[in-house]
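Let me begin by presenting the structure, written as structure tokens, before commenting on it.
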Amino acid sequence: MRLRGCGPRAAPASSAGASDARLLAPPGRNPFVHELRLSALQKAQVALMTLTLFPVRLLVAAAMMLLAWPLALVASLGSAEKEPEQPPALWRKVVDFLLKAIMRTMWFAGGFHRVAVKGRQALPTEAAILTLAPHSSYFDAIPVTMTMSSIVMKAESRDIPIWGTLIQYIRPVFVSRSDQDSRRKTVEEIKRRAQSNGKWPQIMIFPEGTCTNRTCLITFKPGAFIPGAPVQPVVLRYPNKLDTITWTWQGPGALEILWLTLCQFHNQVEIEFLPVYSPSEEEKRNPALYASNVRRVMAEALGVSVTDYTFEDCQLALAEGQLRLPADTCLLEFARLVRGLGLKPEKLEKDLDRYSERARMKGGEKIGIAEFAASLEVPVSDLLEDMFSLFDESGSGEVDLRECVVALSVVCRPARTLDTIQLAFKMYGAQEDGSVGEGDLSCILKTALGVAELTVTDLFRAIDQEEKGKITFADFHRFAEMYPAFAEEYLYPDQTHFESCAETSPAPIPNGFCADFSPENSDAGRKPVRKKLD
């Protein structure tokens, strides 16, 4: 598989009109990956700061948290559901001022000496909801502490010592995983607050639902837009030359990010409040359209592209299996196109055997775009042509249907590596014994990983102990059982772009601190993906 540049249908954010139904092509970089490379001088600076300023900054930040805790504790006593009094009591204003000052001191101690603010924050009566993007780090809490706005948080967050008390002070909206109706109740609560005519604090929401590397804006979750109330878009920038801020699924862990950031002399952050966006009647009826149009406005302000990658694509990259998807895999793009064509993974998984039998009957015979569309039972379209081009590496106008079936298998069941390999062996294997040669194994694994180049010679020789020049799935399965980490040793031992993004931490926590509450994302059967702590 090969991703040709940014795709034939790439477009800047400004051209993505409200009624534009095309899916924009993805950016050149995977938004869920962040590589941090320090020069020799930067490493020397980190070493010096680690021994000098870092411990001081850490102690001051911790002291500020401890100082804020009793104030927040006293101020948050009572029912959080009770409507705030209007106008706020004098003591509440004093506590607000003190907490903002303490939090600002904490960020100052961390190197955020100046927070540049552009534009004007809307009044609660003008916009009850603030949508922030791009969401790239836990340092995105800076605008929350500066404004003392409410946020949407997991219910479990209230039990975190000190931090949980500070959170409760800002009257957050909690989402409970144990309550099946929690997401619906959350949307109703946001709608209730939005219609309170400014009686409740504004709610800050990160509609991307996860952290990215700020190279683009991924699909916005519709939860913040379901109430149909006006929102104020807020864009965040961290213009430091060395980006120690970004906390993505693949890259430095949370503790490493904290350490490197506190070892910088100065950390820059910019917060820009854009004009309030009032939805049209059509947008009120269609939250996805509302979210898309707000995202377009924010992308234009940031000067970045938009992509229809979603948090679910990140879950695909993080699925636990014996083959780890590389950072530059084409399968994220393939999964996006599958969604765009309206193909449901649940239905595709049931039809995989039928697809594979159809591909096996072709026996490697190449097919054109029309037959490709007929095989997937979808009409020819721009999206299908984009998918077709992923497999048409030579530009001949023909592809091998078997490769598409392998890619579909990975997207439908990303954690079941051996099931995908077994399906591939059925399609590629010789009729008499189901064996494949080195060339076919290379094609299978390249497609399963979504890469254009891959050397499998060492792996093939290790499996083919008898030097028959061919292997069966039984041989492959036996080898995989004996050497579960065969991919790291034989396929990409020295290739840094294959670095795993699915490391397990002893105390895993979600990526980002703003919980998702979109109703359509409530699959209770799927195990939630966790971000590595370090």
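For all residues, glycine too, the Cβ spot is worked out from N, Cα and C.
Per Swiss-Prot, the stretch carrying the note motif 'Di-lysine motif' among 211-214, 439-442, 531-534 is 531-534.
Listed in sequence order, the residues Lys366, Phe391, Glu393, Gly395, Gly397, Val399, Asp400 complete the 8 Å Cβ shell around the Ca(2+) site centroid, once Asp392, Ser394, Ser396, Glu398, Glu403 themselves are left out. Of all the binding-site residues given, namely Asp392, Glu398, Glu403, the one with the smallest number of surrounding CB atoms inside 10 A is Glu398.
Averaged over the domain 'EF-hand 1' (379-414), the predicted model reaches a pLDDT of 91.
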